[in-house]
Amino acid sequence: MEGGRKGFFFTAIMTSGAGFLSSFAPNYLSLMALRFVVGVGLGGGPVLGSWFLEFVPAPTRGTWMVIFSAFWTVGTILEASLAWAVMPKFGWRLLLALSSAPSFLLLLFYAATPESPRFLCTKGRITEAVEVLEKMARLNNVQLPAGRLVSEKNIELDEVSESATLLTDDKEKDDIKDDEGSNFGGFKSVSKLLSPKLMRATLLLWMAFFGNAFSYYGIVLLTSELSNGNRICAKQEVESVHSNNSSLYKNVFISSFAEIPGSFLSAMVVDRFGRKLSMASMLFTSCVFLFPLIFSQTDILTRISLFGARLCISASFTIVYIYAPEQILKLKQNPVRGTC
């Protein structure tokens, strides 16, 4: 493990660097290779959610994860707006170059990024972990809870989140086996995910992320496909640097706004009806909105269906990002989040 701070840095550098170089790709294969690297960088993004939650009190994690996820919505809308403004006149190369700018901006905040207290505890750097927590408390005008930060000397890497908590002096400590010194600690951490004890929970979380991601990006791609005026999916020749189909950008832009009410909807239902029921109902409702698209529909009904489906799947995606970290804390297995 390298810590949340280095993860933040490498995610930003890979996404920004490969994203910018994509705009100079000389051919299709090099473009795909560079976009693959961008995807690898973006793949590290969700892990930052676990790092973020280390600084959020448990009672308000649901609310803050909704707020955290709302910035994805803001980025989606801004990217759709940028594509609408840039693509018709200047082409995809400028769009890719401009799209990499926010990731470059992240590098400016690297110096001010605090390290993960959990990571510091796994390395025995308790004093530094306390300093980070004290700084967070000071910035929020609060005091740390009474007690002391405890990290067992003999500690299993995956169970640090439980042993490295603010404990009162009279609280009992759990007996945990030592495995941190192993050179294969990281591999063992991941292999545990498929052990008989954790396999069911691991597979369920994997399926939850797969189902939400598959549906979300499927709806995004479906929006662009149905916005080109075709109602039948068929092979066709495409080949223009500039796209003048304004309806494509308009429909993608409109459907992106569906994520705003989606965020509010997830905030309203997640604590009232629970994580699992809320997620299941949002996925089911998304399917209901998509069903009419099996048949040929008018442009208005198509837009309504895509808007509703995007709203529900974005709400479900937000809920799974709340649900997963909570389950990971219960399992004491942070690698689950990375593999998801």
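Note: Cβ is positioned from N, Cα and C throughout, glycine not excepted.
Those TrEMBL annotations? Automatic predictions, nothing curated.
As annotated by TrEMBL, domain 'Major facilitator superfamily (MFS) profile' applies to 1-340.
Annotation comment: TrEMBL describes 7-26 (among others) as transmembrane segment.
Feature annotation from TrEMBL assigns transmembrane segment to 32-53 (among others).
Same-chain residues lying 6 or more positions outside the transmembrane segment (65-86) and placing a CB less than 8 Å from one of its CB atoms are 49, 52-53, 94-95, 98-99, 102, 246, 249-250, 252-253, 256-257, 259-260, 262-263, 266-267, 270, 314, 317-318, 321-322, 325. Look at TrEMBL and you will find 65-86 (among others) tagged as transmembrane segment.
What TrEMBL lists as transmembrane segment is 92-113 (among others).
Summarising the annotation, TrEMBL assigns transmembrane segment to 198-219 (among others).
Residues or ranges marked as transmembrane segment in TrEMBL: 252-270 (among others). Within the chain, the transmembrane segment (252-270) has long-range Cβ neighbours (under 8 A, six or more residues past its boundaries) at 62-63, 66, 69-70, 72-73, 76-77, 79-81, 83-84, 219-220, 223-224, 227, 278, 281-282, 303, 306-308, 310-316, 318-319, 322.
Below 8 angstroms of C-beta separation, residues 208, 211-212, 215, 219, 222, 226, 265-266, 269-270, 301-302, 305-306, 308-309, 312-313, 315-316, 319-320, 323 of the same chain, each at least six residues beyond the ends of the transmembrane segment (277-295), sit close to that stretch. For 277-295 (among others), the entry in TrEMBL reads transmembrane segment.
The transmembrane segment annotation in TrEMBL covers 307-324 (among others). A Cβ distance under 8 Å defines the sequence-distant neighbours of the transmembrane segment (307-324), meaning residues of its chain 6+ beyond its ends; these are 46, 49, 61-62, 65-66, 68-69, 73, 205, 208-209, 212-213, 215-216, 219-220, 223, 254-259, 261-263, 265-266, 269-270, 275-276, 278-279, 282-283, 285-286, 289-290, 336-337, 340.
Taking Cβ pairs closer than 8 Å, the transmembrane segment (92-113) reaches residues 5, 8-9, 11-13, 15-17, 19-20, 22-24, 41, 75, 79, 82-83, 86, 241 in its own chain, all 6 or more past its ends.
Each residue in the domain 'Major facilitator superfamily (MFS) profile' (1-340) has a pLDDT score, and their mean in this model is 77.
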